[in-house]
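Sequence annotations record features per position, and here TrEMBL assigns NAD(+) binding site to 76-89, 278-290. Per TrEMBL, the feature substrate binding site maps to R96, R106, R134, D220. The feature Mg(2+) binding site is assigned by TrEMBL to D220, D244, D248. Taken from TrEMBL, the feature domain 'Isopropylmalate dehydrogenase-like' covers 4-349. Per TrEMBL, the feature site 'Important for catalysis' maps to Y141, K188.
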Amino acid sequence: MTKHIVLLPGDGIGPEIIDATQQVLETIAKQFKHDFTCETQLIGGSAIDSVGTPLPDQTVEACKQADAVLLGAVGGPKWDQYPSHLRPERGLLGIRKALDLFANLRPVKGFDSLLNASPLKQEIIQGSDLIIVRELTGGLYFGTPSERLANGDVVDTLAYQRYEIERIIDKAFQTAQIRKKKLTSVDKANVLESSKLWREIVEEKKTNYPDVVVNHELVDACAMKLITNPTSFDVIVTENMFGDILSDEASVLTGSLGMLPSASLAENGVGLYEPAHGSAPDIAGKGIANPIATILSAAMLLRYSFQMENEAEAIEKAVEKTIESGYHTADLHVNGGKQVNTKEITKMIIKQI
Ligand code: NAD
Ligand code: IPM
Ligand code: MN
């Protein structure tokens with residue numbers, strides 16, 4: 001099959017992990033006799049530096065024409081003092097909005113051989129396998145007004161249109177139907193109006209999915225249970241910012257934020273695949289970043305955008321075998337095993353495909 005992929009390396013470790021993942025995709029193409037063409041476009045701080053905007057029109061156009069998009073990460077200290085509309089993160093938010101990527105799927109599944117890499121007790125995290133379905137194009141990230149007022153006060157706006165909540169709740173129920181049929185809807189309905197509507201819509205929708213058991217949880221308690229009883233979760237659905245925070249927290253179950261992939265999907269149209277982590281400025285340029293979150297995001301790309309289940313599994317199995325054989329990057333604090341760099345772990349994964 002011939003497919004066209006737009007690569008958005010971005011900033012910090014972005015180019016390092018995209019380079020590694022492109023090699024993995026090339027290996028899959030060769031092995032399974034596909035023709036993947038890749039095109040690189042600008043986003044984030046590197047786009048600001050080259051063309052003065054975090055999201056050039058050319059990037060948006062290229063993504064719209066692509067069969068799938070793979071993103072590294074954006075941001076870094078260099079641009080932290082830039083005005084809001086000129087921050088690298090605006091590029092990421094802009095492309096999510098432009099492609100209507102309302103559903104961000106963040107699977108969290110640890111490998112048995114990494115149980116001792118987590119600071120959490122092994123008996124608590126063993127067997128944890130959950131997915132966070134994060135609303136990605138609404139809420140506090142996109143509400144207006146969001147500004148500094150003339151008197152020096154500030155305002156951000158948490159707004160949701162009914163249809164925006166309905167479509168992510170449907171996506172979550174459908175995700176639960178093909179898993180363990182257990183859905184936890186996470187909100188702050190004891191305080192927020194948007195959460196009250198969120199809860200009402202979950203209650204309305206659940207009659208359409210009688211095979212799914214659904215419960216509601218407040219976000220603060222959920223944050224606690226996520227690390228004290230992670231195996232009690234299957235699918236978690238939540239609004240944009242709660243999902244952002246809970247997914248970084250959940251990455252602790254796997255041993256490192258560098259392990260967490262994600263898929264950002266539209267109703268119809270191109271999907272964008274991105275690790276859950278950021279540009280890791282503290283390790284950028286050192287060649288030691290963990291490429292696995294991005295490599296597993298590429299597996300999600302093959303599964304969801306190209307319907308290439310066997311190819312996706314080939315990548316996932318290769319990552320698992322590599323980790324099981326004791327090799328890991330420096331972000332994973334494993335007892336024993338052997339520490340390797342980005343290029344070395346990528347080579348090992350490729351060898352296992
Ligand atoms: P971060 O996720 O970049 O890093 C947090 C910590 O995790 C750091 O210690 C980092 O070294 C480590 N880490 C993250 N990914 C890793 C990997 N693949 N391998 C090894 N270690 C890894 O979060 P931050 O430091 O809070 O943010 C840095 C910048 O990234 C900010 O500008 C932020 O806005 C941006 N950011 C971008 C995205 C994105 O592009 N999707 C996501 C989150 C943060
Ligand atoms: C993520 C990131 C982004 C988000 C930032 C960089 C805008 O933290 O993808 O999790 O909050 O969505
Ligand atoms: Mn985040």
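Placement of Cβ uses the backbone N, Cα and C atoms for every residue, glycine included.
Closest in space to D80 (NAD(+) binding site), of the recorded positions given as R134, K188, D220, D248, is D248, taking the CA atom of each residue. The subset of recorded positions (G76, K188, D244, D248, A284, I288) lying with their Cα within 10 Å of the Cα of D220 (substrate binding site) consists of K188, given in sequence order. Geometry remark: S84 (NAD(+) binding site) versus Y141 (site 'Important for catalysis'), CA distance 12 Å.
Less than 6 Å separates the Cβ from ligand 2 in the case of D244, drawn from the recorded positions K188, D220, D244, A280 in sequence order.
Note on P88 (NAD(+) binding site): other Cβ atoms within 10 Å of its Cβ, all shown chains, come to 29. Taken residue by residue with DSSP, R106 (substrate binding site) is part of a strand. Those residues noted as binding substrate (R96, R106, R134, D220) have their most widely separated CA atoms at a distance of 27 Å. Residues D220, D244, D248 make up the record's Mg(2+) site, and a Cβ search at 8 Å around their centroid adds V219, A223, M241, F242, G243, I245, L246, S247, E249 from the same chain.
Between the C-alpha atoms of G76 (NAD(+) binding site) and K188 (site 'Important for catalysis'), the distance comes to 31 Å. D244 are the recorded positions among G76, R106, Y141, K188, D220, D244 whose C-beta comes within less than 6 Å of an atom of ligand 3, given in sequence order. Between the CA atoms of R134 (substrate binding site) and D244 (Mg(2+) binding site) there is a gap of 7 Å, rounded to the nearest whole number.
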